[in-house]
Amino acid sequence: MSTSFKEIRVSMATTEDIRRWSYGVVKKPETINYRTLKPEKDGLFGEQIFGPTRDWECGCGKYKRSRYRGVVCERCGVEVTQSSVRRERMGHIELAAPVTHIWYFKGVPSRLGYLLDIAPKDLDKVIYFAAYMVVSLDEEGRKEDLQDLENELRLDIKQLRDACDASIASAVSELERTITELQDAKTSASRINKVRSEAENKMANIRREYDDKIEHLERVWDSFKALKVGGLYAEDDVFRDVQDRYGDYFDACMGAEAIKRRLEDFDLQKTAQELGVQIVECRGQRKVRAIKRLRVVNSFITSKANPACMVLDVIPVIPPELRPMVQLDAGRFAASDLNDLYRRVINRNNRLKRLLDLGAPRIIVNNEKRMLQEAVDALFDNGRRGRPVSGTNNRTLKSLSDMLKGKSGRFRQNLLGKRVDYSGRSVIVVGPTLQLHQCGLPKLMALELFKPFIVKRLLDLALAPNIRSARRMIERGDPAVWDMLDAVIKARPVLLNRAPTLHRLGIQAFEPQLVEGKAIQLHPLVCAAFNADFDGDQMAVHLPLSLEAQAEARVLMLASNNILNPSDGRPVTLPSHDMIIGLYHLTTVKPSAKGAGRAFSSVAEAIMAKDRGDLSISAPVKILFSNIVLDGKTLDSAVVETTLGRAIFNEALPDGHPYINELVDKQVISSIINNLAEVYSKVEVANTLDKIKSVGFHWATRSGVTVAISDVVSPPEKQEIISKYEAQARGVQQDFEIGLLTDLERRQALVSIWSEATDRVAEAMRKCFPDDNTINTMVTSGARGNWLQVRNIAGMRGLVANPKGETIPRPIISSYREGLSVTEYFISTHGARKGLVDTALKTADSGYLTRRLVDVAQDVVVRERDCGFTRGVRMPVTFRGDDGELHKVENAEHSVYGRTLAEDVKTPDDNLIAKAGEDISGIMIDSFIAAGVESVEVRSVLTCRSKVGVCSACYGRSLATGARVDIGDAVGIVAAQSIGEPGTQLTMRTFHSGGSASAVDITQGLPRVQELFEARTPRAAAPIAEADGTVSIEDGDRARRLILKSDNNEEFSYTVLKRAQLRVKDGSRVSLGDQLVEGSLDPKEVLRVKGIRAVQEYLVNGVQQVYRSQGVPIHNKHIEVIVRQMLRKVTVVDHGDTSMLPGELIDQSRYQELNREAQAEGRKTASARQEVTGITKASLATESWLSAASFQETTRVLTQAVISGRRDPLIGLKENVIIGNLIPAGTGLSVYRDVEPEPRPEAISRMYPTRRPEIENLLEGDSVDPEFDFSSLTQGLELPDDYPVQ
């Protein structure tokens, strides 16, 4: 799809818009006729509305074939067209009563509630027919007639009182007559008293009845006087009488109709002005609410949307192919949930129409309207209000909102990730004979992948007459097909991908080599990059089709071009396992080996002696070398005391490399390849790696490494060591029992004793392992395992933790070699199981962290060479040790390396070492240390002033290539991957200080990284000094109070837990920003007290601390890219005379732009406060609504985008992936795409050898002859095999 638009805007659809999209009204709830299996007319699948189910055929079959294109059948009313229109054409439902869109009144915040200034619960009452709302009021008429109406009311009340008096008088005269009669009849006094009592009760009831009527009239009158537009009134006798008596002065109604009429009369401009005045005049909650309301009102004003569109008279029906019905076995059907939800709406709508036609009572009609509203709510967002509608098996039905949000929603399932053709997958096996840029592709898989190319070649060479017969040849396995496959596979790279693709090295390009079998062969050195092993892992193969894609795969993605790890710039293609065993064996020295002390005139002579059996490869000998580099000097010849094995190893290294005359283990080979990557070209490095791999495998097979139970040597003095520490432990226990120690002190003492005992046993065990022990060889060389594992097998298990995470103060004394007792086995099971559970949880948590990081940083792309801002950040290179000497800062290669200098670097005596603008290399760092430079000013993405993305100068070197980063590099994605990829290696634990669960917890590992990136306030955050001054400490029963008295007599109080470890003493002097208590700081407090640079350093160092503690190297610049995104926003404090609102969170660049505009026009500028936003919040607050909606909270983001008419400028990567554009990064940038190639004379003469003079004249001339026959140029020209012939 070619797209030419520059931005996407989303807005609110009007009733006319929906009718314009529609191809007809859906009137019936039926889907298909189950007898004929054809769609029902006017139903949810009707062909008259949505188009034919068969290509070029009307519903009844009268018109068939494409020659009737566009004809509408007069019999069945179906247009003759392609059936694919059923994916595009929409219908609509004409509602009998308006309904409210649930997104606008049930969202948080409720947009309808803010607009009309109604509480959401009151809004709910109106919409669902539980209360009336006054929608119009004739205030002038009421005011004019108020006196007359009151006189009328008083008259009614007087009449009621007169009637009351008359009724009582009548009752009195009746009573007197009755009593006279009873007295005449000489009735008893009790009987007369009873009659009198009944009569009095009757008169009281009469009076009460009339008083109630009068009171009711008073209430009716008060209600009428208090009526206001937007007022809510329950449906009771008072309001019914208000309507009966004064209905001419106002109009009140229920449901969406009431909301619609309010919205139609709503004056946005007037409301905005009133709210603006309120913001200036009010304080507290009223001001906050006014700001929130104004935000919603302004959204409607800027988008020019009609608020009445939030109430729907018409509902769109999406195309039937997007809510399909599929026939299953046994004649049953599986249908999309949307069909059930639409059916409920249509049924209720049709019933409401019938009730209205019949003139049903209002209460029945209102109930049906409420049910229609609920049906539409369920269609748009099922479960948002009340109980969700469920289908069979009590499963909640998926609504339109559910189709958009979540992992299986439209955004993430179909728009951001698509299945691709020309791909396959298979199990991987090792390919030890492959070169670094090659992979083994099974012949059958290659045949299927390259089938279209083979078909074309068969046709071009006239080996097959047509496509069908060519396909048949391939299926038969004709011998000619294999030759074609060999030809088309040449110079065509394929992409290999292993899931999970945690970083960019998870997809690399290789040149395929055809292999037998069905497994893909993988080069052993790229396993680390893919995190692959050969225990059943599978990999996917993808075929780049276009010439551009092939060029990108070859130049950018070929495995031999991806030797360095983008996270730290160190080589990732390192020999491992058996290769290291082979190299270690090859370079080992055995002084007593055969042939020791001999001298040879060349390596060849030594090899000859070895072949004759006179010399061992490990024997120390003297060999004469020519053209050798020793101690940094190149010598024509030199005799070196070495071994033949080391000489063989050095032959694998490139010319000019220093001679390696030491035992080669994992660390040595790592530093060798590190140096190779710095000094030599990629081609030479790749060739050297292949040679080292081959040498390693060759000698690993000859090393004879085996492991037997006898190789596991337990230290004989173990029992003696244990007995000594057992005695110490008993002493501690006795001290505890007599009350000299607390339980906490006892536990700490025991843990300390047994930790020391375990270390002593481990030392003794290591001494027991001879140098030629194979387990010793494996661990020492770095091929496999570590001494901790060996200690568990041969020494003792040591201390383990209980389920609470506390260390059990009694160790497991047995080793696995000796076997554990039942008790020891039982207490060690918890740790083993916890490890497996943690791994599963970590994988999910780490994946989610990576997703959030990618989302927040996805639009950080290198956009320009230099932003022009030369101020950077100062970083230490050396520090002065206790000995007074300068030492290299421990992590200089992860902080200073690869950056651009912001200023010249000079020695203490003012000699220039490096100029501003140069990139810092490893060699340059060494020169800084030698010259005594303590710190350097470097450019950083934290200070980059590029409006969009970052600039090349501020970012510095690309760690993946070792060269200055190119324009178009997606450094944000690389940063997110570099931080997220090792996430599974981090611990999940929260450590307990002092071994007590109630003590202060120190969050570490992955949760700590999340805490920092989300800028959360830590639990029991450590306070920081808000001024220079003196601290005094007050002890309370449960807590301590630290009181800081500043130098200008201000007092600050901090309450901390009693058990918190203080960093200050009573009377200590502190400076602004000093940490007062051990623990984590609140980033927001650091920003408030110390400023933006301090919070940047705190976040970067905090994340690095976690990764370094786990031995994971990451360059600071990756963390800085994320921190830059976290500090993009500011909160407006005073909006001045700008369009911003107080309290609004706004992008810094937008804030500065609006302020510049105001300044230019002489208006008052705004002021703002810097904010640190967590990565989730920063992702949702991005300029791109497409990116935010596809991340999280889809419905909320879309609702806000719709009411404000948000425009998406399509700057980031995600939004361009969603709409199918090339991403604005790498070769997708216009700077690389809008390039006109200029042919060089050599290229012309090589391409068109016979027509050179004509072409040169053509190129030199100002204009081209329109009659020139360009096709003649290709005569006699050798075209590539897959050149597309028209």
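Placement of Cβ uses the backbone N, Cα and C atoms for every residue, glycine included.
What Swiss-Prot annotates here:
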type: BINDING; residues: CYS58, CYS60, CYS73, CYS76; note: Zn(2+) 1 binding site
type: BINDING; residues: ASP533, ASP535, ASP537; note: Mg(2+) binding site
type: BINDING; residues: CYS867, CYS944, CYS951, CYS954; note: Zn(2+) 2 binding site
Extra residues within 8 Å (Cβ to Cβ centroid of CYS58, CYS60, CYS73, CYS76), Zn(2+) 1: GLU47, GLY59, GLY61, LYS62, TYR63, ARG75, GLY77, VAL78
Binding-site residues (CYS58, CYS60, CYS76, CYS867), the one with most neighbouring Cβ atoms at 10 Å: CYS58
Pairwise CA distance, CYS954 (Zn(2+) 2 binding site) versus ASP537 (Mg(2+) binding site), rounded so that it is a whole Å: 40
Nearest-integer angstrom distance between the alpha carbons (Cα) of ASP533 (Mg(2+) binding site) and CYS867 (Zn(2+) 2 binding site): 44
Cα-nearest neighbour of CYS58 (Zn(2+) 1 binding site) within the listed binding-site residues, ASP535, ASP537, CYS867, CYS951: ASP537
Three-class DSSP secondary structure - CYS951 (Zn(2+) 2 binding site): strand
Binding-site residues compared (CYS73, CYS944, CYS951, CYS954) - highest count of Cβ atoms within 10 Å: CYS954
Near-site residues: Zn(2+) 2, ref CYS867, CYS944, CYS951, CYS954, CB cutoff 8 A to centroid: GLU864, ASP866, PHE869, ARG939, VAL941, THR943, ARG945, SER946, VAL950, SER952, ALA953, TYR955
Densest Cβ neighbourhood among ASP535, ASP537 (binding-site residues), 10 Å radius: ASP537
Additional residues around Mg(2+), ordered along the sequence, whose Cβ is within 8 Å of the centroid of ASP533, ASP535, ASP537: ILE428, ALA532, PHE534, GLY536
Cβ neighbours of ASP533 (Mg(2+) binding site) where a neighbour is any other Cβ within 10 Å: 11
Rounded to the nearest Å - Cα separation of CYS60 (Zn(2+) 1 binding site) and ASP535 (Mg(2+) binding site): 59
